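Asker: This structure is in structure tokens; I'll ask about it shortly.
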Amino acid sequence: MEAVVSSGRPGTVLTFTMTAYAVMENNKHGLFTVFLLLYLIILTLNTLLITVIHQNKELHQPMNVFTCMLSVNEMYGTTALLPAVMALLMSDTHETSVKWCLAQVYFVHTYACAEFCILAVMGYDRYVAICYPLHYHSIMSYSKISKLVALASLYPLILFACFYALTLNLSFCGKVVPKLYCVNIEVVKNSCSSVPYISIVGLVLIPFFVVPQLVMIVFSYMQIARVCGKLLRESRGSALKTCIPHLFSLLNYTILSLFEVIQSRFNMNHVAVDARIFLSLYFIIIPSVANPVLYGLGTQTVRVHILKRFIRHTILPSKIRDFG
């Protein structure tokens with residue numbers, strides 16, 4: 001197939017071909033249904049969690065504010081991924097425009113960066129709650145929460161934009177992206193000229209994407225472990241119980257990030273195509289389903305309000321109809 005050529009820049013293409021979809025062709029209608037259901041489940045779970053927290057004033061605690069941020073980020077990431085995956089799956093050519101591909105690069109990468117920033121802030125919140133329980137509300141003031149929300153939101157958007165500007169200045173002559181969605185390293189490989197400086201800049205910036213958050217998380221949990229070591233067994237169990245959803249989210253994110261980095265940076269031809277496709281989707285989909293469940297059903301105060309909402313809107317109306 002001949003490349004579509006831009007009239008403004010001779011030799012540059014207007015579309016990329018997403019070659020990973022070829023192996024899904026025979027099952028595309030079934031997979032489309034699965035992706036659509038997953039997308040609706042993710043939107044429903046995260047919207048429900050945000051709504052319950054928003055509508056109940058007693059849940060307006062700092063940890064729940066950050067939980068809402070996490071849910072918003074899950075919907076942001078999956079919206080950047082799944083509708084495009086479904087559209088490409090049902091297309092005949094599996095081609096996407098260069099402009100959309102570049103936009104998706106920004107959305108997917110900022111989702112991943114924001115996820116780690118939010119988890120780091122949540123770790124700090126647990127540190128303050130467990131190590132300074134009597135001063136928690138004075139330390140986590142409205143002003144402090146606003147600054148942490150702004151930091152976790154703007155830091156990844158601005159930092160990645162600085163790096164992303166290098167990709168935006170490229171012209172593209174190749175048109176093959178061997179994935180289900182666009183990522184920066186695969187897009188750069190299609191550049192008309194060799195651009196090793198982008199990889200160098202990317203490696204230089206990695207510590208800024210990872211180290212501050214990692215330091216905050218490690219420091220927080222070291223302090224939590226120190227304080228919990230001095231508590232009675234019952235008090236220690238109660239304190240650690242509040243950390244379980246966060247630790248699960250953090251572990252899940254770390255494993256998925258490693259999978260994605262390995263796939264992007266190393267030759268994975270020896271791994272089955274189906275496995276690579278699964279891991280690519282796993283990176284965004286699984287946290288987006290797991291996190292609202294962990295923070296909704298895994299947190300007692302939130303779980304109580306979700307169950308009350310469920311009983312009020314499903315069980316009680318049905319009983320009223322029965323009596324009627």
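Yeah, the Cβs are placed from backbone N, Cα and C, and that goes for glycine too.
Sharing the record's features from TrEMBL:
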type: TRANSMEM; residues: 31-53; note: transmembrane segment
type: DOMAIN; residues: 45-295; note: domain 'G-protein coupled receptors family 1 profile'
type: TRANSMEM; residues: 65-90; note: transmembrane segment
type: TRANSMEM; residues: 102-124; note: transmembrane segment
type: TRANSMEM; residues: 145-166; note: transmembrane segment
type: TRANSMEM; residues: 197-222; note: transmembrane segment
type: TRANSMEM; residues: 243-262; note: transmembrane segment
type: TRANSMEM; residues: 277-298; note: transmembrane segment
Asker: Cβ under 8 Å, sequence separation of at least 6 from the ends of the transmembrane segment (65-90): give me the contacting residues as numbers and ranges.
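Answerer: Distant contacts of the transmembrane segment (65-90): 18, 21, 24, 28, 31-32, 35-36, 38-39, 42-43, 46-47, 49-50, 53-54, 96, 100, 104, 107-108, 111-112, 114-115, 118-119, 121-122, 125, 145, 148-149, 152-153, 180-181, 249, 281, 284-285, 287-288, 291-292, 295, 299, 302.
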Asker: Cβ pairs under 8 Å only, please: of the recorded stretches 31-53, 145-166, 197-222, 277-298, which one is richest in them relative to the transmembrane segment (102-124)?
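Answerer: Highest pair count goes to 145-166.
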Asker: At a Cβ cut-off of 8 Å, and with pairs 6 or more apart in sequence only, do we get at least 3 pairs between the transmembrane segment (277-298) and the transmembrane segment (31-53), yes or no?
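Answerer: Between the transmembrane segment (277-298) and the transmembrane segment (31-53), contact is present.
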Asker: Could you pull the average pLDDT for the domain 'G-protein coupled receptors family 1 profile' (45-295)?
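Answerer: Across the domain 'G-protein coupled receptors family 1 profile' (45-295), the average pLDDT comes out at 88.
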Asker: Would you kindly list the residues that approach the transmembrane segment (31-53) from elsewhere in its chain, counting only those six or more residues past its ends and only Cβ-Cβ distances under 8 Å?
Answerer: 24, 59-60, 64, 67-68, 71-72, 74-75, 78, 82-83, 85-86, 89-90, 285, 288-289, 291-293, 295-296, 302, 305-306, 309
Asker: Given a Cβ distance threshold of under 8 angstroms, which distant residues of the chain, six or more beyond its ends, lie next to the transmembrane segment (197-222)?
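Answerer: Apart from its flanks, the transmembrane segment (197-222) reaches 113, 116-117, 119-121, 123-124, 126-127, 156, 159-160, 162-163, 166-167, 184-185, 188, 243, 250.
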Asker: Using a Cβ-Cβ cut-off of under 8 Å, list the residues of the same chain that are 6+ residues beyond the ends of the transmembrane segment (145-166) and lie near it.
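Answerer: Distal contacts: 62, 65-66, 69, 105-106, 109-110, 113-114, 116-118, 120-121, 124, 184, 195, 197-198, 201-202, 205, 208-209.
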